[in-house]
Amino acid sequence: MSWQAYVDEHLMCDIDGQGQQLAASAIVGHDGSVWAQSSSFPQLKPEEITGIMKDFDEPGHLAPTGLHLGGTKYMVIQGEAGAVIRGKKGSGGITIKKTGQALVFGIYEEPVTPGQCNMVVERLGDYLVEQGL
């Protein structure tokens, strides 16, 4: 399966049987190279990936400044140290799951809930970890 198929079929999927889906998603290498993304995923800046990777290595690094992605600032909320970063902006937010080689991004807006975004992103991330990726 291509990386784009993972994005299209597993991240941009129908979450609840009602046609709800993430606003944007991507699979990005630890070096910031985009492996695959939805058409709506923002253009990443190198310093944003550097900050995200540093927060995985040093949990709490992004808390004072916020998580920036494509120039959008998210307030960092509870995650899982070294594994998951979560952010909030208005009625939407972001979940980032770190695997051995990649970062799985999911961005949501209402009516999709934070829990639904977490489930979609972490399910694919956990699968990739199991596959050694």
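Just so you know, glycine gets a Cβ as well, placed from its N, Cα and C.
Its Cβ taken as reference, Cys13 (disulfide bond) is surrounded by 15 other Cβ atoms within 10 Å in the chains shown. In the three-state DSSP classification, Cys13 (disulfide bond) falls within coil. Taken from Swiss-Prot, the feature disulfide bond covers Cys13-Cys117, and the record attributes it to a curator's inference.
Within its own chain, the motif 'Involved in PIP2 interaction' (83-99) is flanked in space by residues 23, 52, 55-56, 62, 66-67, 69, 72-77, 105-110, 112, 114, 117-118, 121-122, 124-126, 128-129, 133, which lie at least six positions past its ends and keep a Cβ under 8 Å from the stretch. Under the heading motif 'Involved in PIP2 interaction', Swiss-Prot lists 83-99.
Same-chain residues at least 6 positions away in sequence with a Cβ under 8 Å from that of Thr113 (phosphothreonine) are not found in this chain. Under DSSP, Thr113 (phosphothreonine) is assigned to coil, being neither helix nor strand in the three-state scheme. Annotated phosphothreonine per Swiss-Prot: Thr113, in sequence order.
A simple way to gauge crowding: the CB of Cys117 (disulfide bond) has 24 other CB atoms within 10 angstroms, across all the protein chains here.
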